[in-house]
């Protein structure tokens, strides 16, 4: 009897919560038709109706609380991450406790804050997108080139065989402060943006899954898919909701439509995260002794200390010592040939970044592709851990790209783990048995606050 009443209770609340969401959508229409103040009144009216419904349904369900949390036994992502050596639960825990806080602090240091990149559009594939069309003229897509001369000085590079740009040509390069240019929505959409990803997938990565693909080719596809998912999450997490008032926030429907509704994209995100993490941990000895020189001894010592804390964290070493096992790749007669083919494919992907029709998107595309190229270089260019330190040589830009990429993937994994279930419940109408009601109410509260700010700015 109690189980029947509980189901009835949640069913009633589900109906009213779904009705509230419909009323919110109607309020949006009223906002456009009659003005923002009228739309705000409609939203509060819908919210008032919701609380009335809650009171009635709570009474009908014999005092069972709406905020009673029931156990959830329907976790979508459990067990070992495919082709990796770590499970989803461990990844989420380590990311929250170790990697995310360390990386957030690390990328703000002077050494990891600046990135050298060729920003001008030089598309080798479809020249009709070249300047001025490729810049698209959107202010939020432009890169802020401000440099703090007290915290930065330039450097020299040698070339990376996995990427297309010539890192040694300083005449084409621009130094960029990444903290002034966060990866977020830029307005870059439409055919040009779709053509970039279509080219990356169709020309370089055969469709997966396919029985004809070897494991190495599957891995390349999954790396690109995981990176694509991470980029989409960052765009949706920092989205320009209202251009007139410069209001930024989370676009949950976009995040659901592009990533969360496709479990394979989420799984590929976790795979890419562990792949890059494995590259970082394999290069731990090299990274520990690398020079982090910015002419600021205090900050440089702090950077080196943060690197060591991250690489040799006992929790990470105990729970997930080998996130991905690259030793099983490149075996057999076709091994060396296959590695050369995939390196060529990845260089093509790198070259496609010059066709991105948005300056800030091009910046983050190039950085993250270089980060992936550096991970590939670490894992597949050196045979055996014992010979790694003397054979591996990383350039400053490669280290910067690698750690910033790991940070972006860490942020995406954290967002998917913490917000994903609630977003899916809302978008799929599965509010009858929420695993985190407080989080759902926080999202509703955030929505109302945003509406209030928009109204007050008119």
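Placement of Cβ uses the backbone N, Cα and C atoms for every residue, glycine included.
No curator has checked TrEMBL annotations; they are predicted automatically.
Summarising the annotation, TrEMBL assigns transmembrane segment to 38-56. Summarising the annotation, TrEMBL assigns FAD binding site to 184, 186, 197, 225, 228, 258. Summarising the annotation, TrEMBL assigns active site, nucleophile to 358. Sequence annotations record features per position, and here TrEMBL assigns disulfide bond to 358-361. Feature annotation from TrEMBL assigns active site to 361.
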- [ ] Measure from the Cβ of residue 358 (active site, nucleophile) and count the other Cβ atoms within 10 Å, all protein chains considered.
- [x] 25
TODO: Measure from the Cα of residue 358 (active site, nucleophile) to the Cα of every one of the binding-site residues 184, 225, 258, then give the nearest.
DONE: 184
Open item on the list: I need the CA-to-CA distance for residue 197 (FAD binding site) versus residue 361 (disulfide bond), whole Å please.
Closed with: 13
Task: Largest CA-to-CA spread of FAD binders 184, 186, 197, 225, 228, 258, angstrom - done: 21
Open item on the list: Give me the long-range Cβ neighbours of residue 361 (disulfide bond): same chain, 6+ apart, Cβ under 8 Å, in sequence order.
Closed with: 141, 186, 188, 193
- [ ] Can you check which residues sit near residue 184 (FAD binding site), meaning Cβ under 8 Å from its Cβ, same chain, 6 or more apart in sequence, and list them in order?
- [x] 234, 235, 237, 238, 239, 248
